[in-house]
């Protein structure tokens with residue numbers, strides 16, 4: 001469930017590039033999705049079940065935590081990558097059996113009389129709007145409902161329902177499946193795929209072998225049907241039964257009550273479709289309010305570009321004029337000018353004075369570099385199609401792997417900044433260790449607290465102890481050594497030389513009418529303007545179970561965010577220097593990093609006004625915990641961008657001034 005280190009193929013993020021290099025040209029290729037599987041007439045297709053999920057509680061539970069029919073061969077878990085485990089997925093086999101192009105109506109099982117605990121659990125899951133999630137050939141099941149004349153698309157189907165004006169609950173025990181198939185005859189398209197089933201390149205020699213039927217759609221109509229348990233229990237699993245229509249009368253529906261025996265049945269119908277396999281995910285990736293999404297983002301981009309461009313142009317002209325006037329004067333005139341004027345020129349002896357908590361600044365900048373690089377690479381990969389939603393958990397797994405291996409950049413930047421501030425590399429090892437532990441430590445503390453809540457509620461979203469040790473091992477064996485190696489390389493690099501000398505006695509900072517931190521906190525509103533629309537769609541995809549796949553837009557927003565963070569931080573740094581405030585280091589960091597405060601406040605706003613159905617303090621604490629992790633990561637990333645650009649600007653500005 002966490003907002004999705006070991007994938008089933010560890011090199012799955014890199015290997016596609018080698019395939020592209022060695023594969024001969026073809027008529028076309030398809031990148032996102034899973035390995036295409038063609039089925040022959042009458043071939044059996046396995047149906048899998050995922051965790052039960054709800055937008056009301058955000059606590060996933062195992063499918064077999066409810067009294068559903070178990071498979072005849074026993075429950076078997078599917079292999080899961082780390083991303084799936086962190087998101088709370090638990091994929092198991094199911095008793096449902098489909099045979100290609102064979103329409104049939106089958107009996108599954110009749111339960112034992114429901115006891116008090118089972119009735120209470122079924123009623124609770126029904127009223128909490130829990131959804132059953134089934135998977136066929138890597139496609140989640142989809143259903144359609146009519147509301148106010150509009151057709152609404154959902155993934156999964158409810159455990160049960162409570163009719164309006166009634167206190168009784170009814171269980172969904174009969175499913176009418178429709179499987180869309182496309183007849184494939186080998187059309188000469190080579191396919192490069194990255195999915196849970198693996199990766200492959202189909203060549204001309206494979207065409208004949210692949211002829212058959214592709215699964216291109218998976219739909220369901222859930223029903224509640226009351227049947228005579230004595231009569232139905234005489235059947236064996238997969239015995240054929242008569243097809244039924246979903247009853248509208250409540251007395252013909254299956255009520256949830258004690259000592260009731262529930263019969264589970266299903267129908268399957270195969271329908272030929274013109275949808276081709278590469279397009280089968282299009283139905284899932286249609287976002288609600290598409291026009292609003294496009295026009296709002298474009299409007300936001302135009303406004304931010306226009307505003308940031310004006311500020312930056314004015315700023316460049318101001319600095320250029322100051323430098324030109326200052327450098328055209330002779331030395332005596334410069335001294336006289338310094339006595340008569342105030343501004344950034346007067347803090348030349350203090351501007352590179354060591355900031356307070358310099359070690360913490362180096363640590364946060366190092367972690368910010370690591371997070372920023374991870375975000376950029378992940379979004380670029382996703383925009384290119386390597387992290388399709390068909391590959392469950394791939395996005396989160398890829399992010400964690402990238403974060404681990406990018407520790408070398410964090411160590412290098414943090415330690416080199418430390419050497420620059422201190423004038424030498426003494427004491428770099430504690431800095432490198434702190435970089436390796438700071439952000440992961442915050443995440444581990446929050447996740448551990450949330451995990452106790454999930455364990456207490458017996459949710460599948462709880463991380464098992466073995467996974468904790470796996471994460472710690474990967475962190476200690478990969479991220480920490482690479483961060484220390486990066487720190488060592490940072491000590492070998494030449495420290496950045498300051499262009500001016502620092503006075504021994506700090507210059508007094510003039511009193512101001514209002515605290516400078518108010519301006520710093522207010523500066524975060526401009527970067528937030530580039531984020532908030534996309535943030536709405538991302539939060540909706542995480543907490544409302546919607547698919548998010550407009551990574552091209554997200555990449556544009558990320559690039560725009562980097563530009564705006566850099567501009568805002570530089571402008572505020574210059575403003576502080578102009579009022580003779582030489583303590584710019586932390587203010588440059590938080591000028592852009594303060595956007596995280598608005599992101600967290602917006603998350604609270606989203607919880608109150610958009611997640612009204614979210615029930616219970618546990619669900620709210622889970623939401624706020626994950627939102628806090630997101631806000632900390634955004635603060636470190638945006639703050640680092642603003643600080644590094646401001647550092648380069650201040651260095652360039654004072655390098656341009658003639659100093660005796």
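Positions of Cβ are set from backbone N, Cα and C atoms, glycine also.
Annotation comment: TrEMBL describes 1-28 as signal peptide.
As annotated by TrEMBL, transmembrane segment applies to 294-316 (among others).
Residues or ranges marked as transmembrane segment by TrEMBL: 368-388 (among others).
Annotation source TrEMBL lists transmembrane segment at 400-419 (among others). Nonlocal intrachain contacts for the transmembrane segment (400-419), taken as residues 6+ away from its ends with a CB within less than 8 angstroms of a stretch CB, comprise 5, 7, 10, 13, 82-83, 358-359, 361-363, 365-367, 369-371, 373-374, 377-378, 425, 427-428, 431-432, 435-436, 474-475, 478-480, 482-491, 493, 495-496.
Marked as transmembrane segment by TrEMBL: 431-455 (among others).
Look at TrEMBL and you will find 467-489 (among others) tagged as transmembrane segment.
What TrEMBL lists as transmembrane segment is 517-543 (among others).
The annotation transmembrane segment is assigned in TrEMBL to 549-572 (among others).
The transmembrane segment annotation in TrEMBL covers 584-604 (among others).
Summarising the annotation, TrEMBL assigns transmembrane segment to 624-650 (among others).
With a cut-off of 8 Å between Cβ atoms, the residues of this chain six or more beyond the transmembrane segment (431-455) that come close are 2, 59, 359, 362-364, 366-367, 370-371, 407, 410-411, 414-415, 418, 461-463, 475, 479-480, 483-484, 486-488, 618, 621-622, 625-626, 628-629, 632-633, 636. Beyond the ends of the transmembrane segment (624-650), by six or more residues, the same chain brings 2-3, 351-352, 361, 364-365, 367-369, 371-372, 375, 439, 442-443, 446-447, 449-450, 527, 542, 561-562, 565-566, 568-570, 573-574, 577, 584-585, 588-597, 599-600, 603-604, 607 to within a C-beta distance below 8 angstroms of the stretch.
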